[in-house]
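Features as listed in TrEMBL:
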DOMAIN    520-715  domain 'STAS'
TRANSMEM  77-98  transmembrane segment
TRANSMEM  104-120  transmembrane segment
TRANSMEM  127-145  transmembrane segment
TRANSMEM  169-188  transmembrane segment
TRANSMEM  195-218  transmembrane segment
TRANSMEM  252-270  transmembrane segment
TRANSMEM  338-358  transmembrane segment
TRANSMEM  370-387  transmembrane segment
TRANSMEM  407-427  transmembrane segment
TRANSMEM  465-496  transmembrane segment
Amino acid sequence: MIEPIGNQYVVARPVYSANAFGEEHKKKQRYHKTFLDHLKECCSCSAQKTKRIALSLFPIASWLPAYRIKEWLLSDIVSGISTGLVAVLQGLAFALLVTIPPSYGLYAAFFPVIIYFFLGTSKHISVGPFPVLSMMVGAVVVRLTPSESTAALEISNSSMSNDSSVDEYKVMVAATVTILSGIIQLLMGVLQIGFVVIYLSESLISGFTTAAAVHVLVSQLKFMLQLNVPAHTDPFSIFKVLDSIFTQIEKTNIADLVTSLIILVIVFVVKEINQRYKAKLPVPIPIELIMTVIATGVSYGFDFKNRFEVAVVGEMKRGFQPPIAPDMQIFQETIGDSFGIAIVGFAVAFSVASVYSLKYDYPIDGNQELIALGLSNIFGGSFKGFAASTALSRSGVQESTGGKTQIAGLLSAIIVLIVIVSLGFLLEPLQKSVLAALALGNLKGMLMQFTEIRKLWQKDKYDCLIWIMTFIFAIVLGLGLGLAASVAFQLLTIVFRTQFPKCSTLANVGRSNIYKNKKDYSDMYEPEGVKIFRCPSPIYFANIHFFKQKLIDAVGFNPLRVLRKRNKALKKIRKLQRKGLLQVTPKGFICTNDGFKDSDEELDNNQIEELDQPINTADLPFQIDWNADLPINTAVPKISLHSLILDFSAVPFLDISSMRGLKTLLQEFIRINVDVYIVGSDDDFIEKLVQCKFFDDEVKDSIFFLTIHDAVLHILMKKDYSASKFNSSQEKEPKFDFTINTNGGIRNREYRVPVETKF
């Protein structure tokens, strides 16, 4: 019964052990589904289930009929045009990261958007090229593309014709990798294993994208300076590229350098204005489009290509090219890279989609997102595009310009389509250095994540360490190996967190039923002879020894050592008794021969297993007070602890190895007359211990209590009533009901016997 009194409450209930609670409140018998049950449910078919599956596979059927034309159409049109213009420029720029002709970037900005329009669940993300994925695909392209001296030989040995160019081979590699990563994403979605993204934490993604931004920055320097820098894909490649750049720095094309620096400064300034005055501006200033138009006009008008020998976009083929079949040999060589591209692409897209879904309160489905992205990449790769995800800046444009649904995405694809079929030739005079500068202008957000390290360190040092190590791995080892090493390191931090948990000793706060870390509060009360120990992590084979040591440090003694010392002393006492050298008195016993000595070495080496057994004094005519001074030449540690409470409310599981270690530890405490209680464990935890035959004559299932306070009250009742003068008929354990007095004591509501023990 709970009685509210103002802002306080009074609880009147019995002191519950787990067994007592189970006897009074019977559990319902629940049927737990087996694997066969789940399989039958999965394979069953009904009209409602068919409709639900169809709607989940084609989310457009859910939101398109509810589309509000008058309210949303104008906003989607404005957003679609703005996003489409940005998508064109980013497609051209990110194609340079893949090391293929810029025109193929338009295919990557068009086909995935069409597929996602029908299958995607997010209303706001803009699907298409993403610089990190472009870098990862470009690394594979560079690794598999032969050098100029061996190009003819390598291409002749491949499935391509002898007349094929190196650029066409690069396009084939990029398309094949994209198709394979799409197949991987599609399979993951069909098999409902989209949960793998949980292994990529926000700290890992942030560190990885920041490192990728640095890679993009370094890779674009050769376009901004127009230097012939050989590609590197092995570990430490970024340093090799920088070395090549600095050794050729005197060959820099000044026109490209000046143009790119001017573009960078203007883009950064205008983007800062857009950020600061986004509440006042109706739409962000489309600085990328403005600078592209100006740079293209200037380059064409002043003939930069011939006058200053700058590198330009070049021929932009109109229309679409026929689809291609992937190269099976490339499939075999790029399976690992494709898996990393698939995971990173999904992780980034799902993270951005989650932000907008929370902001606008609509659900997204991770597995359906995998299917949508997978088919988008398969379809886009078949038409010579490269891997697609979502760019943060492009999605931000689509959302900030008023985009309400994927209608905006469809309209952006139409803008890209117009450029592909009719307007692409206008971009032929555009300098590649301008595209590189525009690509770097979109990296500001990722590079600014450096400033978050200090805040991350204050929030969680492990997350900050993950960020730093992910950044270092991705920089030093490259994006592919760096991602694998980062995931491995992140999993290792989980091991460290659980292997070295922050155990604590609890005490009563304010003489109530609340127990906190005794180091955190001043008004703490610890019952005499009682120690409360809390472990906030699972106990398993890797941390059971750490748990033991922390518990030993908390209680102040090693129970095994105390047990062995007592058994050694007991051996000596029995020897003295057999030799008649002990004299029993009303106060205990005394040794009548002070010169008697025994060999510790003999005791240590002679049947050491006996020293770990329970102490048995039934054969002695007297009781031994182990905390008193014994009249024998063996020092026995004195301990004041009589009860130990283990708070396992934050322990989700134990494995077999830790069960053995825990049972041994409990036995050691019990054998030196320290009662052990476990509190906070759920029923499944106890059932598992029962199944593993954890309990025996020493470690009993009666040690479990519902709460710490139940265990404390049980201990106080046990100590007080064991010392009271009840007769033998009263010594049977009755069902007591105790409450807390205002002075911190406890009183018996049934027998009205005052108990003087206080906290």
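Each position is counted from 1, following the chain as shown.
Using the three backbone atoms N, Cα and C, a Cβ is placed for every residue, glycine included.
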Same-chain residues near the transmembrane segment (77-98), Cβ under 8 Å, at least 6 residues beyond its ends: 104-109, 113, 126, 128-131, 134-135, 137-138, 141, 170, 174, 216, 219-220, 223, 283-284, 286, 288-289, 292, 313, 386, 391, 393-394, 397-399, 401-404, 407-416, 419, 427, 430, 432, 435-436, 438-439, 442
Overall pLDDT of the domain 'STAS' (520-715), taken as the mean: 84
Among the ranges 104-120, 252-270, 338-358, 370-387, 465-496, the one whose Cβ pairs under 8 Å to the transmembrane segment (169-188) are most numerous: 370-387
Tertiary contacts of the transmembrane segment (407-427), as residues 6+ beyond its ends and Cβ separation under 8 Å: 67, 72-73, 75-77, 79-81, 83-85, 87-88, 91-92, 103, 106-107, 109-110, 113-114, 116-117, 126-127, 292, 296, 313, 316-320, 398
Leading contact stretch, 104-120, 252-270, 338-358, 465-496 vs the transmembrane segment (370-387) - CB distance under 8 Å: 104-120
Proximity of the transmembrane segment (338-358) to the transmembrane segment (252-270), 3+ C-beta pairs under 8 angstroms: no
Beyond the flanks of the transmembrane segment (252-270) by at least 6 residues, Cβ under 8 Å: 223-227, 285, 287-288, 291, 295, 304, 308-311, 431-434, 436-438, 440-441, 444
